[in-house]
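A.B. asks: Quick one: the structure is below, questions incoming.
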Amino acid sequence: MKHFGIKAVALVALLGIGGGIGGAHLLTAIRKTDATAAVDPQDRRLAEAGAYLARTADCVACHSVPGDKPFAGGLAMQTPVGTIYSSNITPDKASGIGAYSYADFKNAVQYGIRKDGAALYPAMPYPSYAIMPDRDIQALYAYFMSQVEPVEKPSADSTIPWPLNMRWPMAWWQLLFAGKRDFAAPAGADEQIRRGAYLVEGPGHCGACHTPRGLAYQEKALSMADGDAFLSGAVIDGWRAKSLRGEARGLASWSAADIALFLKTGRTDRVAVFGAMADVVEHSTRYFTDDDLASIAAYLKKLPPVPGKAPVFPAKADDTTASLLAGRYDSRGAVIYMEHCVICHRADGRGMPRIFPALAGNSAIFAQNPQSIIQITLEGGRMPANGHDAMAFAMPRFNHLSDQDITDVINFIRTAWTNQAPPIASDEVAHIRGFLASKKPNIVSGGKHE
């Protein structure tokens with residue numbers, strides 16, 4: 001009887017798994033594009049439009065690694081359950097997408113379905129691409145098939161352990177969180193705001209980084225119509241992707257011109273891009289037309305503050321500058337700042353416009369979540385090449401400093417000048433240091449690690 005019970009439980013489990021797999025395949029089949037849909041990839045005008053769309057969708061940043069061919073994949077992306085590697089999307093027939101029909105391509109880009117029918121992980125922002133019209137997907141297909149160099153480079157397997165690496169449950173995830181949807185412009189939007197909303201929600205997939213995710217790794221909102229979580233800030237790959245909304249730690253103090261300039265060059269007179277956003281500027285937004293940049297900026301400035309977050313900060317007097325200039329260092333953090341930071345960022349914390357970013361009044365510094373300032377202090381960073389400024393400056397890494405030293409100098413900076421932020425603890429620095437040490441390297445052609 002005992003053995004019968006065990007067999008019965010096993011049978012029910014197998015039937016449940018089988019039903020889940022079968023249902024997943026049915027869902028995938030229902031969502032697929034009509035296989036007869038076709039596009040002429042040799043249509044030059046269509047392919048040229050696709051080249052610009054590939055920039056707006058930032059395909060190259062995720063599907064390329066430094067020192068390797070564009071779009072050949074291999075970029076390591078850290079997820080809560082393991083590392084995944086971006087795939088080869090060059091038109092190589094063996095290891096890329098060269099054997100993809102237009103229907104196959106559309107299925108992958110908008111529905112998250114590979115040519116073999118397996119579901120793609122949501123690191124691919126197909127929930128955002130779902131709102132792109134057919135003409136844009138057709139243009140992308142023509143571009144990739146006719147203007148991108150084929151590269152033979154097999155895609156690497158993820159390090160996600162079994163059973164989490166099974167793909168069939170992703171079909172059910174897609175049903176819940178990535179259904180077919182059309183673009184809906186904000187109510188009362190003029191043509192500029194409408195274009196900005198489309199670029200932000202669709203090809204630009206800004207929410208993939210700047211919107212928090214739920215327990216199932218789904219974006220909590222794909223547009224403002226979905227809820228107040230949209231673009232309210234998130235943490236991805238150890239970086240804090242700031243809120244793009246209208247509160248003080250978001251874009252309240254940014255003008256539309258600031259936003260457009262930042263996206264075009266990666267810097268303004270006050271701030272400079274860092275982390276994954278530097279790749280976005282270098283490979284994507286610096287190529288946008290001025291009209292598109294203005295549209296994005298206008299749309300973002302229309303977004304309201306996140307409920308419960310301060311639209312402005314209370315005034316605070318700057319006592320720091322005079323103390324540093326007078327040689328009065330009232331904390332260990334102030335001493336470390338004068339030893340390592342003041343040469344670029346200055347005693348007044350204002351840096352040098354478009355060369356060294358300001359630390360005073362910089363929302364990346366006084367963010368509630370300190371992961372970005374910890375990571376850039378440990379690892380350093382670089383400005384992207386932008387085609388506009390003569391030089392791309394870099395910040396050195398300071399990982400030779402102890403966890404306590406890093407903690408002390410960050411706590412000094414977060415409360416210096418007019419900054420107002422809670423203190424961090426040394427175990428937060430230790431956590432980020434460990435995270436950086438555990439990151440998997442990218443993979444270049446030949447299967448070699450970067």
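Cβ from N, Cα, C; glycine included.
What you are looking at is a predicted structure, and each value in this text was computed from that prediction instead of being measured.
Copying in the features that TrEMBL gives for the protein in this structure:
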| type | residues | note |
| --- | --- | --- |
| BINDING | Cys59, Cys62, His63 | heme c 1 binding site |
| BINDING | Cys206, Cys209, His210 | heme c 2 binding site |
| BINDING | Cys341, Cys344, His345 | heme c 3 binding site |
| DOMAIN | 45-148 | domain 'Cytochrome c' |
| DOMAIN | 191-304 | domain 'Cytochrome c' |
| DOMAIN | 328-417 | domain 'Cytochrome c' |
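For the listed features, I'd like the structural context: burial, neighbours, distances.
C.D. replies: Sequence-distant neighbours of Cys59 (heme c 1 binding site) (same chain, six or more apart, CB under 8 Å from its CB) are Phe71, Ile89, listed in sequence order.
For His210 (heme c 2 binding site), the same-chain residues lying six or more positions away in sequence with a CB closer than 8 A to its CB are Leu231, Ser232, Gly233, Ala234, Ala241, Lys242, Ser243, Leu244.
In the three-state DSSP reading, Cys344 (heme c 3 binding site) counts as helix. In sequence order, Gly351, Met352, Phe356, Met395 are the residues of the chain that are 6 or more apart from Cys344 (heme c 3 binding site) and have a CB within less than 8 Å of its CB.
A mean pLDDT of 95 is what the model gives for the domain 'Cytochrome c' (328-417).
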A.B. asks: Using Cα coordinates, what distance in whole Å links His63 (heme c 1 binding site) and Cys209 (heme c 2 binding site)?
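C.D. replies: Per the Cα atoms, His63 (heme c 1 binding site) and Cys209 (heme c 2 binding site) stand 16 Å apart.
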A.B. asks: Work out how many Å separate Cys62 (heme c 1 binding site) and Cys209 (heme c 2 binding site) at their Cα atoms, rounded off.
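C.D. replies: Cα of Cys62 (heme c 1 binding site) to Cα of Cys209 (heme c 2 binding site) measures 13 Å after rounding.
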A.B. asks: Compute the centroid of the Cβ atoms of Cys341, Cys344, His345, then list the same-chain residues not in that set whose Cβ lies within 8 Å of it, in sequence order, for the heme c 3 site.
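C.D. replies: Going along the sequence, the neighbours come out as Tyr337, His340, Val342, Ile343, Arg346, Gly351, Phe356, Leu359.
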A.B. asks: State which of the following binding-site residues has the fewest other Cβ atoms within 10 Å around its Cβ: Cys62, Cys209, Cys341.
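C.D. replies: Comparing Cβ neighbours within 10 Å for the binding-site residues Cys62, Cys209, Cys341, Cys341 has the fewest.
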A.B. asks: Reported as an integer number of Å, what is the Cα distance between Cys206 (heme c 2 binding site) and His345 (heme c 3 binding site)?
C.D. replies: 29
A.B. asks: Starting from the Cβ centroid of Cys59, Cys62, His63, the recorded heme c 1 site, name every other residue in that chain with its Cβ within 8 Å, sequence order please.
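C.D. replies: Output for this site, in sequence order: Asp58, Val60, Ala61, Ser64, Phe71, Gly73, Leu75, Ser86, Ile89.
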A.B. asks: Cβ within 8 angstroms of the Cβ centroid of Cys206, Cys209, His210: which residues besides those meet this for the heme c 2 site?
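C.D. replies: Neighbours within 8 Å of the Cβ centroid, excluding Cys206, Cys209, His210: His205, Gly207, Ala208, Thr211, Leu231, Ala234, Ala241, Leu244.
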